[in-house]
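Data first, discussion second: the structure below is written as structure tokens.
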Amino acid sequence: MQPPRAPFLPPPTPPLLLLLLLLAAPASAQPARAGRSAPGAAGCPERCDPARCAPPPGSCEGGRVRDACGCCEVCGAPEGAECGLQEGPCGEGLQCVVPFGVPASATVRRRAQSGLCVCASNEPVCGSDAKTYTNLCQLRAASRRSERLHQPPVIVLQRGACGQGQEDPNSLRHKYNFIADVVEKIAPAVVHIELFRKLPFSKREVPVASGSGFIVSEDGLIVTNAHVVTNKHRVKVELKNGATYEAKIKDVDEKADIALIKIDHQGKLPVLLLGRSSELRPGEFVVAIGSPFSLQNTVTTGIVSTTQRGGKELGLRNSDMDYIQTDAIINYGNSGGPLVNLDGEVIGINTLKVTAGISFAIPSDKIKKFLTESHDRQAKGKAITKKKYIGIRMMSLTPSKAKELKDRHRDFPDVLSGAYIIEVIPDTPAEAGGLKENDVIISINGQSVVSANDVSDVIKKESTLNMVVRRGNEDIMITVIPEEIDP
């Protein structure tokens with residue numbers, strides 16, 4: 001009896017052959033490369049040869065798409081037509097959906113179950129032919145019909161119906177456009193102020209300057225900067241809707257640079273409320289709105305750089321007020337306009353620009369104090385005294401401020417103190433006398449000028465100002481006659 005045979009085992013695979021098999025396996029598992037038909041499509045050629053494709057008809061209602069093999073261009077089925085393995089693919093922008101709204105899967109296609117071509121987009125669109133289409137696919141179909149008739153193609157102008165805005169609460173611009181929300185809220189209460197002056201030997205008036213302000217009472221009280229309205233004879237206010245009114249000056253605080261004017265308006269006006277500037281924090285977003293260069297309702301944004309920039313730091317020796325510093329752009333004409341927080345509350349009055357990115361606003365807490373005191377004065381019937389002005393905006397010059405300006409402007413005068421002229425308002429005594437921007441007033445009537453307050457004090461007392469100003473590296477003698485006006 002023979003012993004049982006051992007089971008047959010194939011000879012061991014040589015190491016070299018095993019290595020070749022391992023290297024070949026991933027290559028065979030890779031998807032078909034470009035030029036190869038989709039491996040899952042039944043009846044597709046091994047390689048796609050576009051030269052062997054039959055040319056599609058000249059006009060395709062559903063547009064031209066690739067066939068199931070991804071090789072040849074064919075006419076896609078239009079919206080609402082049947083689709084599937086037997087019927088062919090859907091047209092451009094359409095998807096094949098079986099009953100109950102389920103997209104046709106590979107399993108459904110293998111079972112040869114038909115579906116319907118449905119547009120992947122279901123929102124209306126407005127076309128360049130001023131027509132509203134139910135969806136993008138219908139617009140594309142209309143565009144193809146136009147091209148067949150040798151007409152211009154129809155393109156998409158906007159989402160949504162023609163003539164209507166697109167409100168998508170889930171869009172990023174709808175969620176995060178908080179600045180626009182603030183502007184929309186405050187703009188109706190911001191006014192444009194224009195200042196007029198009579199020409200000599202003529203009754204004709206001409207506009208000579210402009211500024212901004214904001215309404216604080218429904219009956220027409222408006223807050224602005226004192227320097228905006230105390231230097232001209234007639235003040236005109238223009239509302240956002242274009243209506244214009246003559247304004248009367250009710251009260252002025254020159255030291256704080258705040259003024260209160262009033263217009264007579266029938267009906268109630270929109271107003272802005274004052275916020276608490278004491279609660280303001282560095283880094284908060286702020287919005288400045290006004291009429292720079294007479295461009296009404298111009299909006300700039302920025303952050304609060306500091307909430308307490310002391311007047312003495314700005315060279316205002318006798319100032320007891322802390323200013324709000326912001327990098328929001330404030331230009332000529334923005335003066336008097338509101339600086340608001342994201343709640344739409346006024347936290348300051350735009351008042352001063354030193355240079356790009358460094359601007360200052362009077363805090364709203366100071367405005368509240370002014371309005372309260374003004375109410376008391378008017379309730380007691382105290383008369384407002386006449387005001388003198390020469391028509392300049394100035395700031396006190398300190399050694400640190402002079403160094404900063406010297407670094408920015410090489411031709412800045414070589415001085416360490418005085419009153420630095422930021423702006424000379426047209427058609428004023430200052431302009432008539434020859435003062436210019438960037439001049440530094442160093443003496444008046446033989447008395448040295450150390451700060452802007454020295455100039456203000458002399459203007460109140462003297463009827464003639466014999467000034468010495470430093471312009472570049474020259475000292476120039478200038479005579480200015482202050483003008484007295486009724487507030």
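Even glycines carry a Cβ here, placed using N, Cα and C.
Quick look at what Swiss-Prot lists:
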SIGNAL    1-29  signal peptide
DOMAIN    40-120  domain 'IGFBP N-terminal'
DISULFID  Cys44-Cys69  disulfide bond
DISULFID  Cys48-Cys71  disulfide bond
DISULFID  Cys53-Cys72  disulfide bond
DISULFID  Cys60-Cys75  disulfide bond
DISULFID  Cys83-Cys96  disulfide bond
DISULFID  Cys90-Cys117  disulfide bond
DOMAIN    105-164  domain 'Kazal-like'
DISULFID  Cys119-Cys137  disulfide bond
DISULFID  Cys126-Cys162  disulfide bond
SITE      Tyr176  site 'Involved in trimer stabilization'
SITE      Phe178  site 'Involved in trimer stabilization'
REGION    211-371  region 'Serine protease'
ACT_SITE  His227  active site, charge relay system
ACT_SITE  Asp257  active site, charge relay system
SITE      Phe285  site 'Involved in trimer stabilization'
ACT_SITE  Ser335  active site, charge relay system
DOMAIN    372-474  domain 'PDZ'
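Annotated features taken from Swiss-Prot, shown on the structure.
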| residue | record | Cβ neighbours (10 Å) |
| --- | --- | --- |
| Cys53 | disulfide bond | 14 |
| Cys71 | disulfide bond | 21 |
| Cys72 | disulfide bond | 17 |
| Cys96 | disulfide bond | 24 |
| Cys126 | disulfide bond | 20 |
| Cys137 | disulfide bond | 26 |
| Cys162 | disulfide bond | 16 |
| Tyr176 | site 'Involved in trimer stabilization' | 10 |
| Asp257 | active site, charge relay system | 23 |
| Ser335 | active site, charge relay system | 29 |
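Note on proximity: of the active-site residues His227, Asp257, Ser335, the one nearest Cys90 (disulfide bond) is Ser335, by Cα distance. For Cys126 (disulfide bond), the nearest neighbour among the recorded positions Cys72, Cys119, Tyr176, His227, judged by Cα separation, is Cys119.
For Cys117 (disulfide bond), the number of other Cβ atoms no farther than 10 Å from its own Cβ, over all displayed protein chains, is 25.
Reduced to three states, the DSSP call for Cys117 (disulfide bond) is strand.
Checked against Cys71 (disulfide bond) by C-alpha proximity, the active-site residues His227, Asp257, Ser335 yield Ser335 as the nearest. For Cys48 (disulfide bond), the spatially nearest entry among the active-site residues His227, Asp257, Ser335 is Ser335, judged by CA separation. For Cys69 (disulfide bond), the nearest of the active-site residues His227, Asp257, Ser335 in terms of C-alpha separation is Ser335.
On the backbone, the CA of Cys83 (disulfide bond) and the CA of Asp257 (active site, charge relay system) stand 76 Å apart. Helix first, then strand, then coil: DSSP counts for the domain 'Kazal-like' (105-164) stand at 18 helix, 14 strand, 28 coil.
Sorting the disulfide-bonded residues Cys44, Cys48, Cys83, Cys90 by the number of other Cβ atoms within 10 Å puts Cys90 first.
Taking the disulfide-bonded residues Cys69, Cys119 in turn, the residue surrounded by the fewest other Cβ atoms inside 10 Å of its Cβ turns out to be Cys69. Of all the Cβ atoms in the protein chains shown, 11 others lie within 10 Å of the Cβ of Phe178 (site 'Involved in trimer stabilization'). Ser335 (active site, charge relay system) sits 24 Å from Phe178 (site 'Involved in trimer stabilization'), taking the CA atoms of both as reference points.
A straight line from the CA of Cys162 (disulfide bond) to the CA of Cys53 (disulfide bond) spans 41 Å.
Of the recorded residues, Cys53 (disulfide bond) and Cys44 (disulfide bond) place their C-alpha atoms 12 Å from one another.
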